[in-house]
Amino acid sequence: MQQQQLQARLMKCLSCSYSHLPLPPPPPPPFSSLQRFASSQPKGVAKVILKKGKTQLFKDGSPMVYSGAIDRIIGRPPPKTGDIVLVADGTEKPIGWGLYNSVSMFCVRLMQLEEEATRDPSCALDMEKLLETRINAAVELRRGLGLPSATTNAYRLVNSEGDRLSGLIVDVFGDLAVVASSAAWVEKYKSKVKACINSIDEINHIHWRPSVEILKEEGMDAADLKELHPSTCPQRTKVIENGISYAISLEGQKTGFYADQRENRMFLSTISHGQRVLDVCCYSGGFALNAAKGGAMSIT
């Protein structure tokens, strides 16, 4: 009995002793793929930390990180416009990477998420490789949709956020590509964008059209947007869309032609038979001509 009491007292003393020992620190969070790639960069990569509650929006696919979503920026010296940065949650764990802009209301344009970098690390923190991959994917997508074809050689090849290259639009008109640039990063990587487009078999000419007013808001100087070697492309070119020919001006609105309205124009032709059609906002006559093709009774 006395031995049992002694053992009980000993166990109680040991229990009290262990209760005063500090708890072991929690295990560190798993090292992310992007953090590993960033640590191998010779100059390091700055990190943009999001405010609490803002992370999910960008994980869900919104590519433009606005200034109000940012809590702080870690990096010395601070990142400059066009620099690659990590975008991280409140625990400083990266959710993706993108291109920084010190002036724009969109401080970062996200280019790749963490899970994508883990799945395919070939483009991680490499904007030139990412451009090549995304533009090639855009080409393959259009070819899968039958573009270009014998009846349509005017189409949108790169659709900004739609092709996950926020700020870059490329419209193709026959053997000519018109590039509409509306982000500072596009101007920085201009030579690579041109090289990727030049590698497409059907393209023989490129016409660069910077959106000057938008780029001023991105911190660009209008003088820097002038072509050192002006394009030798003709001012007008002929294209065909849904079997209808158009003469378009490369100095006209947007890229010169609203290629993104192709399906809407085709749909109008299917409901125009015997109808009186008014084309109110007529630019190059696309809707009116499709109405005529569809058998409209009269068109204004």
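Placed from the backbone N, Cα and C atoms, the Cβ positions cover glycine too.
What TrEMBL says about a protein is an automatic prediction, not a curated fact.
For reference, TrEMBL has these:
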DOMAIN    46-140  domain 'PUA'
Mean per-residue pLDDT computed across the domain 'PUA' (46-140): 95
Secondary structure composition of the domain 'PUA' (46-140) [DSSP: H/G/I, E/B, coil]: 31 helix, 32 strand, 32 coil
